[in-house]
Amino acid sequence: MTQDQLKQAVAQAAVDHILPKLNDRSIVGVGTGSTANFFIDLLAKHKGFFDGAVASSEATAERLKQHGIPVYDLNSVSELEFYVDGADEANKHLELIKGGGAALTREKIVAAVAKTFICIADGSKLVEQLGAFPLPVEVIPMARSHVARELVKLGGDPVYRDGVVTDNGNVILDVHNLMIGFAPELEGKINDIVGVVSNGLFAMRPADLLLLGTQDGVQTLTR
């Protein structure tokens, strides 16, 4: 199967997993990126079975609306049963690197609210150690140079993602060459840097369920 076919298969597995648990009051959290887009397109076929969705980015909100799925502000939602999103890297502890699409902060907020965080990815995203994929860090623009210097002290090589402005009006530094050992500790250290909004390590709140699309079918990992 091609990579797109693997993404579609794992997106279908996520739909199949949540559908029996949805009702006409259910609101689904939806992530951002190519795999999440497959999930949206497949979920839309069942839009009569749930109330609507919370989007982790403006792009996702637009895609949901195009399918006729109501999009809710997270502040108006009292309960979020599921959040489904992709990842740039994942390990066996279901800790993730996310943010290749620059939506990491809103993704992290929705994941924090959801009872169950389901990560969907093709099998190539499963790694022994996180960090080969550059770690995105969302930064207040005026703090960019300061944050970059602090990230160097942590052993990284930050690169400004030129021309990218997040939905929150901030900029992204992609941190290369980080050897990520204990991911929750590093996530906290980076978040403590003044000027950092959030970073793409999802380790303090990892996924609850990881669905991996492989040539042998969809594999399931849980915490």
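Cβ atoms here come from the backbone N, Cα and C positions, even for glycine.
Annotated active site, proton acceptor per Swiss-Prot: Glu107, in sequence order, evidence recorded as sequence analysis. Under the heading substrate binding site, Swiss-Prot lists Thr32, Gly33, Ser34, Thr35, Asp85, Gly86, Ala87, Asp88, Lys98, Gly99, Gly100, Gly101, Lys125, citing sequence analysis as support.
Sparsest Cβ environment among the binding-site residues Lys98, Lys125 (other Cβ atoms counted within 10 Å): Lys125. A Cβ within 8 Å of the Cβ centre of Thr32, Gly33, Ser34, Thr35, Asp85, Gly86, Ala87, Asp88, Lys98, Gly99, Gly100, Gly101, Lys125, the residues given for substrate, is found for these other residues of the same chain: Gly31, Ala36, Ala121.
Each residue contributes its Cα atom, and for Ala87 (substrate binding site) and Glu107 (active site, proton acceptor) these two points are 11 Å apart. Distance noted between the C-alpha atoms of Gly100 (substrate binding site) and Glu107 (active site, proton acceptor) is 12 Å.
The maximum pairwise C-alpha distance among Thr32, Gly33, Ser34, Thr35, Asp85, Gly86, Ala87, Asp88, Lys98, Gly99, Gly100, Gly101, Lys125, the residues recorded as binding substrate, is 16 Å. Around Asp85 (substrate binding site), the C-beta neighbours below 8 angstroms that are at least 6 residues distant in the chain are Gly29, Val30, Gly31, Thr32, Gly33, Thr35, Ala36, Ser56, Lys98, Glu107, Val110, Ala111, Phe117, Ile118, Cys119, Ile120. Listed in sequence order, Asp4, Lys7, Gly86 are the same-chain residues six or more apart from Ser34 (substrate binding site) with CB atoms under 8 A from its CB. DSSP assigns Lys125 (substrate binding site) to a helix in the three-state reduction.
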